[in-house]
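What TrEMBL says about this protein:
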ACT_SITE  Lys70  active site, for sulfotransferase activity
BINDING   Lys70, Gly71, Gly72, Thr73, Arg74, Arg153, Ser161, Tyr261, Lys276, Gly277, Arg278, Pro279, His280  3'-phosphoadenylyl sulfate binding site
DISULFID  Cys262-Cys271  disulfide bond
DOMAIN    61-297  domain 'Sulfotransferase'
REGION    40-61  region 'Disordered'
SIGNAL    1-17  signal peptide
Amino acid sequence: MACFLASAFLLVLQTYAAPPEFVQPGFDITLDPMDLDSGLPSNVSGDMPSSPPPGTSKRAPHSIIIGVRKGGTRALLEMLDIHPEVAAAATEVHFFDWDENYAKGFEWYRELMPYSYPHQITVEKTPGYFTSALAPERICAMNSSIKLLLILRDPAERVISDYTQVYFNRLENHKPVQAIENLLVRNGALNIRYKAIQRSLYDIHMRNWLRHFPLEQIHIVDGDALIHDPLPELQKVERFLNLPPRIVSSNFYFNQTKGFYCIRSDGRERCLHESKGRPHPAVNSTVLQQLRSYLQEHNRTFFRLVKRTFDWQ
C-alpha cells in the first residue's frame, strides 16, 4: 500500500521539492560535507563518453547498494563490477536521500546511470540510503520489486571506521579534530546522539526498510567476511541477482602492503583508493566496552529481524 500511494504522487514529487526528511527523536544523521566519500571506482571514469556505445542505453538501476556507510560498499561495488553483466554507476547519486536531488526528478536520476547493454544490469551505490527515513518509500515508488544489497560489518568497528574517515577528511581540509573518546562520551555517559553511533543501530533502520520491502528482496552481505575472503560473498550476490557465475578466485589477490584484497580483471590489477583501509585509532577499552554493551541489544533485535546472526562482538 505504501508503494502504491507513493507512486500516485511520484510525478508531484518529481516536480516540487519533496517533504523534509524526518528522523526518530534524538536522531540526526544528516551528512556533513566532511563525511562524504567522494572516491570513484578506480576502474570507472567520472567523465561521460561523448557518444554512447551502439546498442546501449541508460536505465534505472536493477539493484541498489543501500549501505551501510563504512560497511564496505565501495569494495562490494568494485568487486561486483568485475562481472561482465554488471554496469556500475560511477558516483554516489544521493537521489533518494537528498530532497534537493529527489526534486530534480526521475529523468535526472536516470541520466546519471551508466550506459548498459540489454543483457546487463545497472547497479547504483549510495550508502546514505540505509539510514535515510524517506529512501525506502521513494525507492519502492520507483520499483517495488527492485533487489537491494546491504553490506554490514561489526557495528562497533563501523563506528570507529566512520570516525576515522571524518578525522582524516577534516585533517586534509585543515579543520579541527577531536579524539574519538570525546565524541563517544559526554558527561560520563555514552553519547548516543553521536551520528556514527546512530548509523550503527541497524535494527532501527532495517525496520524502516521492511515496512516497504520483503526481506527476500534485501540481500545482506557480510562485510567482515568480504574483507577476509571475497569470493564466497560475491558468489552469493551473483545468485541473488540471478547473474551467471563469472567471478572467480583468480580475480582477487592479497596485497601484503595494503593488508587487504585487491582486484585482478581484464588484464589489470587495481586496489581500492588509498583512503580505504586506514588504520583505526586505539580506543580506550572502557569506552569501547560501553559502546559494545549499548549495541548488543540492538544487534540481537536486528538478528531477529533478518533471521540470521553475525559474528559481531
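Yeah, the Cβs are placed from backbone N, Cα and C, and that goes for glycine too.
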Cα-to-Cα gap, Arg74 (3'-phosphoadenylyl sulfate binding site) vs Cys271 (disulfide bond), nearest whole Å: 11
Proximal residue to His280 (3'-phosphoadenylyl sulfate binding site) among recorded positions Lys70, Cys262, Cys271 (C-alpha distance): Lys70
Rounded Cα-Cα span from Gly72 (3'-phosphoadenylyl sulfate binding site) to Cys262 (disulfide bond), Å: 13
Length of the line joining the Cα atoms of Arg278 (3'-phosphoadenylyl sulfate binding site) and Lys70 (active site, for sulfotransferase activity), in Å: 12
Cys271 (disulfide bond) to Gly72 (3'-phosphoadenylyl sulfate binding site) - Cα separation in whole Å: 13
Per-residue Cβ crowding (10 Å cut-off), top of recorded positions Ser161, Cys262, Arg278: Ser161
Largest tally of Cβ atoms lying within 10 Å of a Cβ, found at which of the recorded positions Lys70, Arg74, His280: Lys70
Other CB atoms within 10 A, centred on Cys271 (disulfide bond): 17
Set of same-chain residues at least 6 away whose C-beta sits under 8 angstroms from Gly72 (3'-phosphoadenylyl sulfate binding site): Ile151, Arg153, Val221, Gly223, Leu226, Ile227
Integer average pLDDT (0 to 100) for the domain 'Sulfotransferase' (61-297): 96
Euclidean distance between Cα atoms of Lys70 (active site, for sulfotransferase activity) and Ser161 (3'-phosphoadenylyl sulfate binding site), Å: 6
